[in-house]
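Database features (Swiss-Prot):
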SIGNAL    1-31  signal peptide
MOD_RES   GLN32  pyrrolidone carboxylic acid
MOD_RES   GLN99  pyrrolidone carboxylic acid
DISULFID  CYS108-CYS113  disulfide bond
Amino acid sequence: MAGVRLVFTKAFMVTVLLTLLLNIGVKPAEGQFSACNINDRPHRRGVCGSALADLVDFACSSSNQPAMVKRNAETDLDDPLRNIKLSSESALTYLTKRQGTTNIVCECCMKPCTLSELRQYCP
């Protein structure tokens, strides 16, 4: 094979490089987002339950925004949407995990969160 010269194009080299990187476990950056799993346990510094609700209330009131308030039962009865019913199949779609979503329990109970993250949940 003397005298054989291999010529590689840029596209070929990029393909080979990406293939090697993916095979050794290097993954593209996905940002700071991480979803919670049903099997996750609360973080030791996470805040959960009524303590989390109180903390959000405090964070929202300390940022000059109106605090979260519990709804009144009478107000719930006046809700024009209260008589709308969904089929079981349709209702279950709301319970399945949606890709790319997170919530306050995931952000502040399953792991510790910042004041800035808490304030994102102010009404």
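Backbone N, Cα and C atoms are what each Cβ position is placed from, and that goes for glycine too.
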* **Same chain, 6+ residues apart, C-beta under 8 Å of the C-beta of CYS108 (disulfide bond), given in sequence order** => GLY46, VAL47, CYS48, LEU52, LEU55, GLU117, LEU118
* Asked: Any idea what DSSP makes of CYS108 (disulfide bond), helix, strand or coil?
  -> helix
* Structure fact -> Cβ contacts within 10 Å for CYS113 (disulfide bond), all chains included, total 22
